Amino acid sequence: MLKKQTAGLVLWGAIIFVGWNALLLLFFWTRPAPGRLPSDSALGDDPASLTREVIHLAEDAEAELERQRGLLQQIKEHYALWRQRWRVPTVAPPAWPRVPVTPSPVQIPILVIACDRSTVRRCLDKLLHYRPSAERFPIIVSQDCGHEETAQVIASYGTAVTHIRQPDLSNIAVQPDHRKFQGYYKIARHYRWALGQIFNKFKFPAAVVVEDDLEVAPDFFEYFQATYPLLRTDPSLWCVSAWNDNGKEQMVDSSKPELLYRTDFFPGLGWLLLADLWAELEPKWPKAFWDDWMRRPEQRKGRACIRPEISRTMTFGRKGVSHGQFFDQHLKFIKLNQQFVPFTQLDLSYLQQEAYDRDFLAQVYGAPQLQVEKVRTNDQKELGEVRVQYTSRDSFKAFAKALGVMDDLKSGVPRAGYRGIVTFQFRGRRVHLAPPQTWTGYDPSWN
């Protein structure tokens, strides 16, 4: 009898779904033809018209997918209600304790990666100016490239910093089509050697990695001192970063410098890691493009980083292997926090995975959904916090570009994203660019 009822319910669900799609197909066949798209020449004269058309098409696709999803969800809910009568009650697992974070006196070195920028002085001056303790935060400058002027600048700090030099300055044998990427190969070699010195030779339990073209915020050390215990105790975390990829002035809430997030995207640009992580990564360290390698699923393993609302580092180095394009287009606009936040006196337990997932997802999916064009034109300002939904790679990229956030993806993960959600400020209100609540994971083919 039970099998007959189950089969009947599934059959009726299938009939409803097929019938709905048949009606939908009939609707599309019989509705009046839409107006013609603008000609290529017209679009060329009016780029804004093309943007509106792309957004309109993406929103139409989103709306149709949402209707289909709603019908399937109704079928699932009715089936679940029926099955619930036959389900044996289960005991919920015990909740994790919410333990307030306390500051740790552990010694955390600042590893400065240097090469041929004599402007490393600007980086070191700020680090030394804001450093609360030379004993707790020793500064170790690892220099590659053999650039003598840079070496003299580092040496001028005497015992205030420790100067180590990467000994292998030879070119690296690469494939002919990768000769133009020689710089990226040398950077990966330098990182491997420098991190090996920190963890294998000096035996530090953790380190903050800083490039020589970064300027730090007044609470840079406070931030890492407070988040270190979280990183050490929460296995779902693998780094703490000082960087917000969408941290431009107009895209952050300047009134909340204390705000921190979890992110699935590895940000770099001033980041804390543990010795245990280096022991995991060192045997398979890549020959080049180490940061994108870190963002692959095989390395990330579902783990997250902590990142701030307002960046605690700012890059001033236009010169580099990327020839300045990314700096001119994006990096130079990132806001550096100037207000000291006493993070070690705050309860940061809300960043632990169980609490964060519960509260953050409730906040995002409790926010009213608004079409991207209405967000762009600042309609319904009274809503304050809103959600813009995407369901495909193309709709994410279209909506991200329309709202001014970074639209690139690494192994399916958006910059600053957590569970597919990118949170930012737009024209004074909080916006969450988010997938449906039924999101189950990243698609690595979204690149």
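A Cβ is built for glycine as well, from the same backbone N, Cα and C atoms used for every other residue.
Here is what Swiss-Prot says about this protein:
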TOPO_DOM  1-6  topological domain 'Cytoplasmic'
TRANSMEM  7-29  transmembrane segment
TOPO_DOM  30-447  topological domain 'Lumenal'
DISULFID  Cys115-Cys145  disulfide bond
BINDING   Arg117, Asp144, His190, Asp212, Ser322  substrate binding site
BINDING   Asp213  Mn(2+) binding site
DISULFID  Cys239-Cys305  disulfide bond
ACT_SITE  Asp291  active site, proton acceptor
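Shown on the structure are the features that Swiss-Prot records.
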residue: Cys115; record: disulfide bond; DSSP class: coil
residue: Asp144; record: substrate binding site; DSSP class: coil
residue: His190; record: substrate binding site; DSSP class: helix
residue: Asp212; record: substrate binding site; DSSP class: coil
residue: Cys239; record: disulfide bond; DSSP class: strand
residue: Asp291; record: active site, proton acceptor; DSSP class: helix
residue: Cys305; record: disulfide bond; DSSP class: strand
Asp213, Asp291 as recorded positions, winner by CB count within 10 A: Asp213
Of the recorded positions listed as Cys115, Asp291, Cys305, the one whose CA lies nearest the CA of Asp144 (substrate binding site): Cys115
Neighbour tally for Asp144 (substrate binding site), based on other Cβ positions within 10 Å of its Cβ: 22
The topological domain 'Cytoplasmic' (1-6) [mean pLDDT, rounded to integer]: 49
Residue among the disulfide-bonded residues Cys145, Cys239, Cys305 whose Cβ has the most other Cβ atoms within 10 Å: Cys305
Packing count at Arg117 (substrate binding site) (other Cβ atoms within 10 Å of its Cβ): 21
Long-range Cβ environment of Cys115 (disulfide bond), under 8 Å and at least 6 residues apart: Gln143, Asp144, Cys145, His147, Thr150, His190, Asp212
Minimum Cα separation from Cys305 (disulfide bond), reported as the residue among recorded positions Arg117, Asp213, Asp291 that achieves it: Asp291
The residue listed as 'Mn(2+) binding site' as reference: those recorded positions from Arg117, Cys239, Asp291 with C-alpha within 10 Å of it: Arg117
Cβ neighbour count within 10 Å of His190 (substrate binding site): 20
Integer Å distance between the CA atoms belonging to Cys239 (disulfide bond) and Arg117 (substrate binding site): 27
Surrounding CB atoms that lie within 10 Å of the CB of Asp212 (substrate binding site), all protein chains: 25
